[in-house]
């Protein structure tokens with residue numbers, strides 16, 4: 001899950017001249033608003049997991065929901081990684097020191113991440129032994145699903161985010177943000193090649209125990225394909241390249257409807273492909289296209305402010321992404337007598353996650369960002 005600044009503004013990244021900057025200092029409300037539906041998709045995926053047993057009293061409904069949503073979480077994570085690469089590049093500034101960039105990322109991510117880890121321990125005390133590794137973002141470097149999914153499952157993706165943040169200043173020093181069109185095309189091709197090669201590599205690594213949610217995949221195989229932070233970097237790189245393309249005017253304002261339909265179609269296709277291909281390879285390009293289309297419309301087209309609630313939910317989405325798993329675990333323990341009760345509990349878990357996310361945002365994330373997360377901390 002990306003943890004980018006709430007309202008990214010148009011860049012003057014790399015060595016960009018004033019003439020190359022979009023015609024107005026553009027906020028990207030569409031990208032802020034898009035974050036909550038993507039986080040909600042992860043919630044639906046986790047709620048539909050067979051081992052979650054949220055709809056145990058309605059096996060036909062549970063089976064249908066799982067069939068529809070079995071790759072929803074993976075698609076949303078790819079979307080978040082591309083989005084993170086895009087927004088971090090879009091909001092970068094020339095002369096920004098690496099230490100200042102890392103400070104802002106630290107303040108944005110770690111307090112909420114740590115708080116959700118502690119909440120997860122309160123909900124599941126038996127997982128407390130995983131907390132030290134979780135707090136230092138070490139879980140995704142283990143090939144054991146009981147480790148990388150063992151405490152607050154969505155937290156593994158922050159390990160990949162942290163690696164990208166650690167390397168991003170190097171990309172800026174290499175002037176990736178001011179690369180030519182030809183070089184960007186080459187970088188995109190290489191990123192896609194790595195993504196496809198990862199799938200091919202995973203095919204020859206059927207090592208470990210079968211995964212609980214997909215017995216066609218083995219634990220080490222799944223880790224290599226999906227969890228290993230190094231092999232998730234190409235998705236961030238695609239986001240970086242998309243930001244450069246939008247900034248330099250390679251896209252023109254238009255309706256995001258076509259890339260949105262392409263993403264939906266890619267997801268439907270993914271439902272019928274082997275799991276190795278469905279995790280990220282099929283949806284990553286449509287994700288980048290849709291993000292670029294939304295950003296282009298915001299930066300160059302008619303101003304789209306969006307609703308106040310879409311903005312708020314987008315701002316709460318990082319906390320929602322991390323806190324929803326403990327809430328699902330908590331509500332899954334309630335007694336369920338019928339399908340209606342199960343659905344009500346699922347709705348209650350979603351609502352509790354939103355409330356907890358709002359509390360974390362206003363009580364922890366926003367105050368700390370205002371104090372230490374700005375470019376010139378007070």
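All positions are counted from 1 along the displayed chain.
Using N, Cα and C of the backbone, Cβ positions are placed for all residues, glycine too.
Bear in mind that TrEMBL entries carry predicted annotations, made automatically and left uncurated.
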In TrEMBL, which of 323-343, 344-364 is labelled transmembrane segment?
344-364
In TrEMBL, which of 13-32, 33-52 is tagged transmembrane segment?
33-52
Mind pulling out the one from 33-52, 183-205, 344-364 with the most Cβ pairs under 8 angstroms to the transmembrane segment (153-171)?
33-52
Rank 33-52, 112-141, 183-205, 258-277 by Cβ pairs under 8 Å to the transmembrane segment (225-246) and hand me the top one.
183-205
